[in-house]
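To start, the structure itself, in structure tokens.
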Amino acid sequence: MSSNFLHMPMTITMSSQNFQHHDHSSYFASITKDIEAHLKQSIIVKPPFTVYEPMYNLAFTTPPTSAPLLCVAACELVGGHRRQAVAAASSLHLMHVASFTHEHLPLTDRSNPNPMIHHAYNPNIELLIPDAIVPFGCELLTRLDNPIEDDHADRVLKVIVEITRAFGSQGIIDGQFHEKVVNRSNGEEENNNADWIDYTCRKKEGKLYACAATCGAILGGANEEEEEKLSKFGLYVGMIQGYSKIGRGKEEERLKRVEELTKLAIKELEHFKGRRVEEISSIILGP
């Protein structure tokens, strides 16, 4: 299994007596293996090689997110089977790849470029290939065929809507805009603005993880209340991820906010007492 494909979530011990956490790395490792296998089976390097070769490489070299793992865990939490969510998890990863690649284009007009990102391809390739990855990610969902479930097509359609909304102008793109453009125009003062940081984390990582949890719930056959609970759980987990990536600002305030979000996330899982909440709750403070 590729070591840089998907990070394993860290496990933590919660103060709440309702949740006792153990090492569930093997659980997430098995999910990672299934997602990776699905991607390798789906993305075949074939003509035109100028499209599929960089698409394949970007899919397996882009710094990963644990959101796809959350998608599968949410599906299993509500009683679904992993096979129902692996394609959606793979699609989420590809959408993340496209978004990440576009966000880190080596543009010369950026005031604060990121020197840590390795660029294997020219900017024109990194600009165009993600535009091919996005529809391909949606195509993975449409290939699913599950005659056992009468409403399977409806579930897939709902998932496609969730994913496109999360990565669109009301979600991650909006967060990227505020992080890059607004930050550049307002200077360092905005970097330490609590409202700005919270908004960015909510729109970027928050929307991604909320989408992942919601998609897993939908495919697993959750009811509306379960979908809402897991969507909120994903939102809080994603925002925690966002705050963990911020290496500047007031450390004490950030830690306080993360603690608040952790409590909110745990509260949403109380609805699922008696189910396999340990696995999904261990993703709260992932990498």
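Using N, Cα and C of the backbone, Cβ positions are placed for all residues, glycine too.
Annotated features, as they stand in Swiss-Prot:
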BINDING   E103, D109  Mg(2+) 1 binding site
BINDING   E103, D109  Mg(2+) 2 binding site
BINDING   K204, Q241, K250  dimethylallyl diphosphate binding site
Cβ contacts within 10 Å for K250 (dimethylallyl diphosphate binding site), all chains included, total 12
Once DSSP output is merged into helix, strand and coil, E103 (Mg(2+) 1 binding site) belongs to helix
The correct three-state DSSP answer for Q241 (dimethylallyl diphosphate binding site) is helix
All chains considered, the count of other Cβ atoms within 10 Å of the Cβ of Q241 (dimethylallyl diphosphate binding site) is 26
